[in-house]
Amino acid sequence: MKKIIKRLPKATTAIAVLFLLVQTFSDLYLPTLTAQLINQGVVPNDQTIIWQKGFLMLGFAIISFGGALINIYFAAKVSYGLGGELREALFKKVTSFSQKEMDRFGSSSLITRNTNDVTQVQNLVEMGLKFLILAPLYLVGGIYFAYRLSPSLTMAFVSVTPIILIVCWLIFRYTNPLFDKMQRKIDQLNLIFKEGLTGIKVIHAFNKEQEEYQRYQKENESYTKLAIRSNTAFSFLMPFITLMMSLATIAITWLGAGLIDTGQMEIGTMMGVVSYAAQILMGVAILTMVLSSIPRGQISAKRINNVLETENVIQDGSSDFAEHESKTNSLILDQVSFSYDGAEEDALERISLSVRSGETLAIIGSTGSGKTTLVNLLDRLYDPRKGSIRFNEQEISQISQSNWHEQVSLVPQVNQLFFGTIRENLLVGNQRATDDELWDALALAQAVDFVQAQGGLDGAVEKNGGNFSGGQKQRLCLARAFVKNAAIYLFDDSFSALDFKTDAMIQKKMKVHLNQAIKIIVAQRITTVKNAAKILVLNEGQMVGWGIHEELAETNAVYQEIILSQEDKEAA
Ligand SMILES: Nc1ncnc2c1ncn2[C@@H]1O[C@H](COP(=O)(O)OP(=O)(O)OP(=O)(O)O)[C@@H](O)[C@H]1O
Ligand SMILES: [Mg+2]
């Protein structure tokens with residue numbers, strides 16, 4: 001929490017605190033004025049005093065009201081400002097994460113941290129700025145002023161405040177763990193709900209509606225039970241405090257009446273003490289409430305700091321990428337090995353290869369053989385464990401990431417489109433592209449027909465491209481990659497959802513239009529990789545074949561197996 005508090009803007013926070021003090025002191029002085037008004041004005045019927053004290057009271061009431069308003073405004077400004085700042089910082093941090101950090105936190109947890117946890121911290125800061133100072137002052141100030149009015153009465157009811165403190169403390173000790181549990185249940189509920197939404201097709205297809213519903217119902221019921229328990233305990237607090245206030249008033253009045261009878265006290269004094277008693281009890285209640293919510297806020301603050309302080313394992317390189325004079329680029333992998341965190345075996349083992357401008361490198365291999373992993377290394381989502389990847393003889397880890405990403409255009413295995421228009425989605429590839437260039441890219445991706453049918457570049461794209469078929473989505477993602485003018489194009493299984501004819505057509509056109517670039521194509525079909533200048537055959541992370549189609553078809557057992565399996569399918 002300390003680190004978060006450091007983020008608060010000093011001046012605004014100081015203003016909020018200052019006006020809180022103004023409000024509190026005015027509030028605290030009012031009962032004393034009431035006592036004076038009654039004792040010196042009402043009882044002896046002195047009109048001047050009544051008017052004088054009356055105006056003074058009005059003045060303090062207005063000051064208190066104004067102070068409260070200004071405090072509320074600045075407290076909100078500080079806390080919501082902090083919330084906004086935290087969300088922004090989290091978002092910025094998360095977008096800078098490499099795949100490794102994403103794997104570590106998981107997307108659901110990052111979302112909860114960015115919403116729920118930020119709100120917790122924000123509420124705690126707001127509450128702190130409003131009440132944390134107010135409550136102790138009410139308590140201490142109230143006792144002080146009441147004592148000045150009547151030491152004996154004050155002593156009588158202050159002696160019962162420990163009871164209230166203990167009861168409040170017991171209630172919060174009971175409810176706090178419940179709140180903690182509830183928080184975790186909410187995470188769980190969100191997860192099931194999210195799965196229900198995103199996996200709706202699978203759930204329908206496997207007739208799992210009833211199971212999903214029961215799973216949700218079970219969590220929901222236990223959440224509801226927790227909520228009822230904690231809220232019942234919590235709602236006991238207010239009536240309890242009211243009861244204590246009434247008891248205090250009765251006690252003070254009873255004791256006070258005796259003192260007034262014997263002429264030891266004036267009636268106004270007693271009324272003043274009654275008001276202070278109410279303020280003191282309020283102070284106690286607020287104080288316990290704020291103090292009890294600190295641990296919850298602290299847990300959230302910790303979860304937020306965890307993300308903000310995570311060091312990105314991918315260190316940004318400092319140098320710019322050196323453009324080759326001859327304009328021919330080369331990409332070399334030298335004994336590259338990589339393993340995922342926690343995995344026992346390498347996902348890639350000693351891969352060495354080279355590819356130059358104009359060439360197409362195809363990567364083929366069974367599922368799980370490490371194709372996507374290799375693409376991720378080239379896009380620098382991960383760094384190799386061993387070995388080096390060099391572009392024009394420069395280590396890619398030395399090149400600044402933004403510079404490197406300018407050189408690389410990627411079509412990831414899982415198609416990702418954003419909510420918006422087709423134009424907006426394509427411009428992600430290159431902000432400065434003209435409409436003509438966008439249409440060229442669409443033509444290259446064989447996407448012109450259906451884009452025109454969807455209303456052209458202004459056609460709508462729903463979340464995740466929901467209004468397009470699998471093959472259409474794939475072609476839009478291809479077009480987006482083509483819009484970027486890159487030195488290296490990475491296609492991770494980007495042709496699998498296309499029919500053979502479209503696939504062949506795109507391959508042919510790519511040869512012409514991207515003739516200067518390095519093209520790296522991950523594919524399942526022999527027909528897609530057949531014409532590549534170089535083919536890498538992967539099996540369980542190992543490089544088991546390297547060459548051109550004809551050679552591999554002659555000599556490579558794994559490659560032959562792939563050919564055979566596909567001939568069978570075509571024959572079938
Ligand atoms: N984020 C990850 N964390 C841990 N292991 C992973 C991760 N991603 C992939 N792996 C493992 O690494 C190996 C290679 O996976 P990879 O995704 O590179 O395969 P692939 O060749 O692209 O397969 P496919 O053809 O199915 O896309 C697999 O054994 C997989 O289980
Ligand atoms: Mg893959």
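Cβ from N, Cα, C; glycine included.
Just so it is clear, the model here is predicted, and its values are computed rather than measured.
Annotation source TrEMBL lists domain 'ABC transmembrane type-1' at 14-296.
Residues of the same chain lying 6 or more positions beyond the ends of the transmembrane segment (50-74) and with a Cβ under 8 Å from any Cβ of it are 12-13, 15-16, 19-24, 26-27, 29-30, 33-34, 36-37, 40-42, 129-130. What TrEMBL records for 50-74 (among others) is transmembrane segment.
Listed as Cβ neighbours of the transmembrane segment (129-147) (distance under 8 Å, sequence separation of 6 or more from its ends, same chain) are residues 13, 16-17, 20-21, 23-25, 27-29, 31-32, 71-72, 74-75, 78-79, 153-155, 158, 272-273, 276-277, 279-280, 282-284, 286-287, 289-290. Residues or ranges marked as transmembrane segment in TrEMBL: 129-147 (among others).
According to TrEMBL, the transmembrane segment annotation covers 153-172 (among others). Panel annotation: around the transmembrane segment (153-172), residues 143, 146-147, 233-234, 236-237, 240-241, 244, 247-248, 251-252, 255-256, 259, 265, 270, 273, 276-277, 280-281, 284-285, 288-289, 291-292 of the same chain, lying at least six beyond its termini, place a Cβ under 8 Å from a Cβ of the stretch.
Beyond the transmembrane segment (233-256), the same-chain residues lying 6 or more positions past its ends with a Cβ under 8 Å from any Cβ of the stretch are 150, 152-153, 156-157, 160, 163-164, 167-168, 171, 174-175, 178, 265, 267, 269-270, 273-274, 277-278, 281-282, 284-285. Marked as transmembrane segment by TrEMBL: 233-256 (among others).
Only residues 6 or more beyond the boundaries of the transmembrane segment (276-294), in the same chain, are considered here, and those with a CB under 8 A from a CB of the stretch are 1, 27-28, 31, 123-124, 127-128, 131-132, 134-139, 141-143, 145-146, 149, 154, 157-158, 161, 164-165, 168-169, 172, 175-176, 237-238, 241, 244-245, 248-249, 252. Per TrEMBL, transmembrane segment is recorded for 276-294 (among others).
On the 0 to 100 pLDDT scale, the domain 'ABC transporter' (331-565) averages 90 in this prediction. The feature domain 'ABC transporter' is assigned by TrEMBL to 331-565.
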